[in-house]
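A quick write-up on the structure given underneath.
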C-alpha cells in the first residue's frame, strides 16, 4: 500500500478592511467565530492539515491586512502563493468594487504560469439584512473572470469549508501540473541528445 502523498500549499486571503477575512479563516481552521477580532496588521498565518484526493495537504493560510497603508507590504506575501481567497462584504459595495484592484495586485506579484493562478471569491456576511451587493452582480463579475463564487457567512458557518476546499483542490491540481511539466522537461531528451551506440 502506497503511503499518502504530502503537499504543502501556501494560500492567501485578501480583501478590504472589515470584510471578515480573519473571521472566515478562524471559522475554517478552528471552527470558531468571535464578534470582535482585532484588525490584522501586516499578516498572520494559520495552518490546517486536510486530506484531499488521497493527498495530505498542509495548508499555510496567510491572513493579510486590508488597510491601504499595508497594501505595499502585504503584496510581498503574495510571492510563492499557490492560491488566493478574494473576500468582500455583501453589505459593503465599496469592498466589492475593490476586488478588481486586489485581484490585479495578486496577478502582478505572482509568477505567470501556463496553468492559471487559482482564486475563489467569497461574498461574506450573508447573515446580515442590509445587503448592498446583489448576488447576480457578484456572480456576473466572477463569471467574467472565470473565478468560482461562494456566498458565505463566517458567523453562521455557511459555505466556508466548501470554498476553502475548492481553492485547495484547484491549487493542488495546479501544483501537480507544474510538477509534471517540470519533471517532463527535465527528463525529456531530444534525438540529438540521446547517446549513440558505438562498437568497441
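The backbone N, Cα and C atoms fix where each Cβ goes, and this holds for glycine too.
Swiss-Prot tags one of the stretches 28-41, 42-55 as motif 'Switch 1', and that stretch is 28-41. Residues 67-82 are the range that Swiss-Prot records as motif 'Switch 2', among 67-82, 83-98.
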